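Student: Submitted below is the structure of interest, expressed as C-alpha cells.
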Amino acid sequence: MDAGLIILDGWGLNPDDDVRDAVAAADTPNFDRYRDAGAASTLTTHGRRVGLPEGQMGNSEVGHLNIGAGRVVKQDSARVSDSIARSRGEAPPDDDAQDPPFFENETILSAFEHAEAHGGRVHFMGLVSDGGVHSYQDHLHALIELAGERGTDAVSHAFTDGRDTSPTGGEDYLADLEAHVEEHGTGHVATVCGRYYAMDRDQNWERTRRAYDAIVHREGDHHADEAVTAATESYARDTTDEFIEPTTVGDHAGLEAGDAVVFFNFRSDRARQLTRMLGDIRPEDWGSDTEPPDTRLVTMTQYDETFDLPVAFPPNQPADVLGEVLSEAGKTQIRLAETEKYPHVTYFLNGGREVAFDGESREIVDSPDVATYDLQPEMSAPELADTAIEFIETEDPSAMVLNFANPDMVGHTGDFDAAVTAVEAVDEQLGRLVETIGAAGGHALICADHGNADDMGTEDDPHTAHTTNPVPFIYLSPDGTAGGRTARDGGTLADLAPTMLTLMGIDRPDAMTGTPLVE
C-alpha cells in the first residue's frame, strides 16, 4: 500500500476554551500520539478557500469535492448567489460570470412559463434557513421576487433546518419568508416540514412519503393557519425544527396537473429521495401505485445524473480528479464509508461522477438503524475499520480514502456526552487503521473536512451546525513518525490530493493547483 487518507468528519480544533468542545473533552490517545509523532498542521475548510461565499461554513459535500479535485472548486451555492447578485446589479468583484443572471435563467423561467400556460401555480420547495449547507433562504426569496415581477401564482413548501442552524431558528426564518411573501404578493407558505422527513437520504422512504403526501395530497400530520404558527405549535409539542412533522398551512390546494415545481436546494444528496417521488423515479419498495400529478419539475442543480429532469445550474465537473489520476497511473484504490457518508467518498470525491474509475473499489457499511445517532454514537465505526483492515490485508490497494462519520453525525444531534463518545469511538478505530496502513508500508494522512463536534453550544442552547474552526492535518510515514518531513501552515482541503500523489510518486496534473502539505 502506498497511502491512505482518513477523514474524521466533523472533527474541528476549537481555539476557544470556554465552549463545550466534545473533541477537546474526549480521551483521544491515538490522535494525540499521532499529532505529536507526525508532521502536523491545520487546514481551512470554509469560505472562498473552498469555493463558498466568504464566511460560509464548510460541509461534507464541499469538503470532499475540494479534496478530490485538488483545487478550489467554485461551489453551486456561490454560483447561484452570484447569478442572483448579477440580476440585482450587485455582482461580487471576483464573480466569473459563468452562469446567466438568475432572472434570465431559461430553465427556471421554463417552470414559470409552464405554470402560466396551464393556469397552474409554481411551487418552490426546499430548506428554508441561512445554514448554507443545502440551501440559502435568499435563493427562495429571489424566486418569490421573480414570481412577483411576473405576476405568477406561487406557493412555498418550507423545510425547516435545526441541524445546520439553531434547533428553534425556524420560527424566525419562516417569519422572514412570510415578510417576503407579503412584499411581493405571491409565494405564500403551503406546507412546513422538518428536514428529517423531507430530506432523508438513508432510504427511509416512509419519512419521504409523509413529506410527499403533505405537499401533493394535502395530507399532513398537523394543520396551521400560518407558517410561523406551524413552528411555534411544534415547539409546544417539544419538537424542534429538524423534526417538525409535515404540516399543511392555510388553504393549501395540493400539487395539481399543470403546476410546476422548483426544488431550490443546491446540494444533491438530501434532495434525491423526494425528487424521485415527485418525478416518478421511484424505488420498487415505494409501496403505492399512485402517480404524482403531471407537472414540470426543475431542480436547482443536478441531483443525480440518471434523473431526466431540467437543471437550472448544470454541473461544472472538474477534470483530472484524484481518482482519475490514480486510475490512469495504473493504481488501485478503495473508498470506504458507512451509509451516511458513502456519497461523499464516491460521488463527491470523484467530482460529481457516479461511476467508479478503473481500479476503484467501493465498500459501504450500513449506518445503524436508529432515529438519531446520539442513541448509538459509535455508529458503525468498528465495522468500517474491520472492513478497511481486511481489504488492506487481503487486496493491498495502492491508495485508500475512508470517512469516519461519527463526530459530524452525532454532533448534529446537539448531545454533548454522545458527541464525546463518538469522538472516542473514532479515535479507537483510527489507531487500528493507522497501524494497519503502516504495516502495509503506506503513508497515512489524517484530516477533517469541516468542524462540528468542536462546538456543542450549551445545554439550554445546543449548537448542532458545522463550525468554521480549523481542522487537523497529520502526516505519518510507514514507521509512525514524521519521517523527516514537516507540514506547512496555511493549507486547505485542495492541498490533500497533491500531497497524496506526491507521496505516491505520481505527477499531479496542471489542473490540480493545490500544493503538497508536507516537505
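Quick reminder: no glycine exception, Cβ is built from N, Cα and C everywhere.
Per Swiss-Prot, the features are:
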{"type": "ACT_SITE", "residues": "Ser60", "note": "active site, phosphoserine intermediate"}
{"type": "BINDING", "residues": "Asp9, Ser60, Asp449, His450", "note": "Mn(2+) 2 binding site"}
{"type": "BINDING", "residues": "His134, Arg163, Asp164, Arg195, Arg201, Arg267, Ser268, Asp269, Arg270, Lys341", "note": "substrate binding site"}
{"type": "BINDING", "residues": "Asp408, His412, His466", "note": "Mn(2+) 1 binding site"}
{"type": "COMPBIAS", "residues": "76-91", "note": "compositional bias 'Basic and acidic residues'"}
{"type": "REGION", "residues": "76-102", "note": "region 'Disordered'"}
Student: Using a 10 Å cut-off on Cβ-Cβ distances across all protein chains shown, tell me which of the binding-site residues (His134, Arg201, Arg270, His450, His466) has the largest neighbour count.
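Tutor: The most densely surrounded of these binding-site residues is His466.
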Student: Starting from the Cβ of Ser60 (active site, phosphoserine intermediate), draw a 10 Å sphere and report how many other Cβ atoms land inside it.
Tutor: 27
Student: For the C-alpha pair, I'd like the distance in angstrom between His466 (Mn(2+) 1 binding site) and Asp9 (Mn(2+) 2 binding site), rounded off.
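Tutor: Just about 10 Å between their Cα atoms.
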Student: Spatially speaking, which of the recorded positions Asp9, Ser60, Asp408, His412, His450 is closest to Ser268 (substrate binding site)? Use C-alpha to C-alpha, please.
Tutor: Ser60
Student: According to DSSP, which kind of secondary structure is His412 (Mn(2+) 1 binding site) found in, if we only use helix, strand and coil?
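Tutor: The three-state answer is coil.
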Student: Note down the number of other Cβ atoms within 10 Å of the Cβ of His412 (Mn(2+) 1 binding site), including every protein chain shown.
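Tutor: So the Cβ neighbour count for His412 (Mn(2+) 1 binding site) comes to 24.
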Student: For the Mn(2+) 1 site given as Asp408, His412, His466, which other residues of the same chain have their Cβ within 8 Å of the site's Cβ centre?
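Tutor: Apart from the listed residues, the neighbours are Asp9, Gly10, Asn59, Ser60, Arg163, Asp164, Pro407, Met409, Gly411, His450, Asn452, Ala453, Thr464, Ala465.
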Student: At the Cα level, what's the spacing in Å between Ser60 (active site, phosphoserine intermediate) and His450 (Mn(2+) 2 binding site), rounded?
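Tutor: If we compare the Cα positions of Ser60 (active site, phosphoserine intermediate) and His450 (Mn(2+) 2 binding site), the gap is 7 Å.
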Student: Per DSSP, how many helix, strand and coil residues does the compositional bias 'Basic and acidic residues' (76-91) have?
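Tutor: Output for the compositional bias 'Basic and acidic residues' (76-91) reads 12 helix, 0 strand, 4 coil.
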